[in-house]
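These features come from TrEMBL:
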BINDING   B:28-32, B:92, B:126, B:177-181, B:208-213  ATP binding site
DOMAIN    B:25-255  domain 'Phosphagen kinase C-terminal'
């Protein structure tokens with residue numbers, strides 16, 4: 001069978017579409033099928049719900065939701081002209097460009113768009129707005145030490161719960177030394 | 001050329017170590033860290049010039065220090081042929097995104113291909129560690145070490161409140177994506193997966209097809225990974241993911257057992273039909289190959305088919321991808337030619353086992 005679309009290559013994809021009771025049969029070659037219906041192909045796939053609509057799409061939608069009906073008010077926008085569009089003064093990216101792509105232009109964008117981004121973080125990261133994980137050692141020494149201290153305190157609780165008192169005592173001494181160092185450093189600055 | 005093996009060998013050395021923990025269902029584990037370098041604009045909106053500078057700076061700095069993490073080799077995307085790039089994607093050594101913008105992008109790989117550092121992906125650096133089976137902790141420790149090493153040589157864009165700053169705000173915080181690739185034929189057949197998926201999503205985890213975001217689930221292979229990157233520490237993210245993946249694995253094992261009890265003949269029929277088709281067919285699409293291979297792999301795991309190594313699924317899934325077929329053919333192939341070659345590769349590979 002020859003592809004219905006290009007009439008040249010042999011058809012390798014055969015499918016039947018039923019829309020409101022009307023049945024259509026399609027016979028396409030791989031290439032035409034790709035062109036025509038990347039979407040219809042994925043519609044049937046198992047992953048479409050999770051995969052087709054990416055997290056970036058979701059983000060983009062969330063961001064646009066935050067700008068109430070700018071489209072409808074396009075004509076009335078004139079009086080607001082004095083209000084320069086929200087722009088990152090480091091890289092020049094506008095907030096609007098960001099909402100289109102879901103990508104920021106530079107590290108400074110996080111500060112430039114902070115007021116808009118915080119509610120988005122809440123939604124995307126389950127209400128969290130603060131990082132609690134790893135801290136780079138060499139530029140953020142103080143915070144790194146602080147996190148290390150917190151981690152050790154967490155461990156000590158686990159050790160006590162498991163009644164491993166000897167190990168807990170060792171860790172306590174370690175924590176004390178670290179705390180002293182830490183306070184010493186605080187005093188310096 | 002020294003880097004030839006990156007393209008000619010389908011199975012990365014790290015995969016050859018055997019199945020790894022929970023290897024009957026968990027095929028591989030991956031940790032990816034997104035990092036950017038202070039003062040440089042993020043790749044997506046960076047000018048040609050800025051991208052070129054960043055590429056030169058980052059790859060030379062890291063290559064100079066690379067003896068500390070085992071020797072790394074840099075491959076510039078614009079120096080590779082299109083199907084060589086495709087092969088790297090199929091081996092999960094680079095992302096599909098990296099090969100879309102090839103002008104100023106590169107990947108640094110170690111010898112056994114367990115480490116890959118992408119430069120100028122969506123972020124300046126994407127550090128990635130791969131291992132076989134289910135090894136989240138081990139894999140994270142490896143990535144953590146790699147990250148410490150990179151950070152000792154480059155200054156990251158990091159904010160004390162928000163963490164590692166990434167081009168897309170959905171990665172900010174840890175910048176980490178941890179994922180495990182699992183083979184779930186029994187859960188798919190019995191329609192249980194569609195019931196489990198919503199629960200997994202509610203826990204802030206995502207399930208995707210094997211080539212990542214937006215890709216289809218081929219051969220009943222799924223990647224389960226974390227979505228949230230802000231507010232939880234790396235260790236907690238990994239611990240939560242581990243818990244969920246282990247549960248999914250248990251359920252798959254359970255579903256396999258009950259299939260064996262309730263519909264053994266049907267199961268055997270399906271497995272052996274697929275085996276026969278793989279052994280004798282003359283043309284085969286990627287999709288069919290993936291599904292048949294999944295059946296055969298299940299048959300091997302359940303001891304229905306004897307004397308064939310379980311690795312056949314991982315290996316043939318790669319060998320039958322379009323990039324690999326073209327790589328072996330040494331020329332570009334039409335869909336039809338590729339389907340014929342795919343059937344050949346599979347037949348020959350199965351003959352080797354007999």
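Keep in mind that glycine also has a Cβ here, set from the backbone N, Cα and C atoms.
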Next item on the list: Let me know the model's mean pLDDT on the domain 'Phosphagen kinase C-terminal' (B:25-255).
Entry: 92
Check: Taking CB atoms only, which of the binding-site residues B:28, B:31, B:126, B:179 fall under 8 A from chain A?
Finding: none
Notebook entry, point to check: Just going by other Cβ atoms within 10 Å, which of the binding-site residues B:126, B:208 has the emptiest spot?
Noted result: B:208
Margin query: Same chain only, sequence gap of 6 or more: which residues have a CB within under 8 Å of the CB of residue B:28 (ATP binding site)?
Written below: B:15, B:20, B:92, B:130, B:131, B:132, B:133, B:180, B:181
Notebook entry, point to check: Using a 10 Å radius around each Cβ and counting other Cβ atoms from all shown chains, which of the binding-site residues B:31, B:179 yields the largest count?
Noted result: B:31
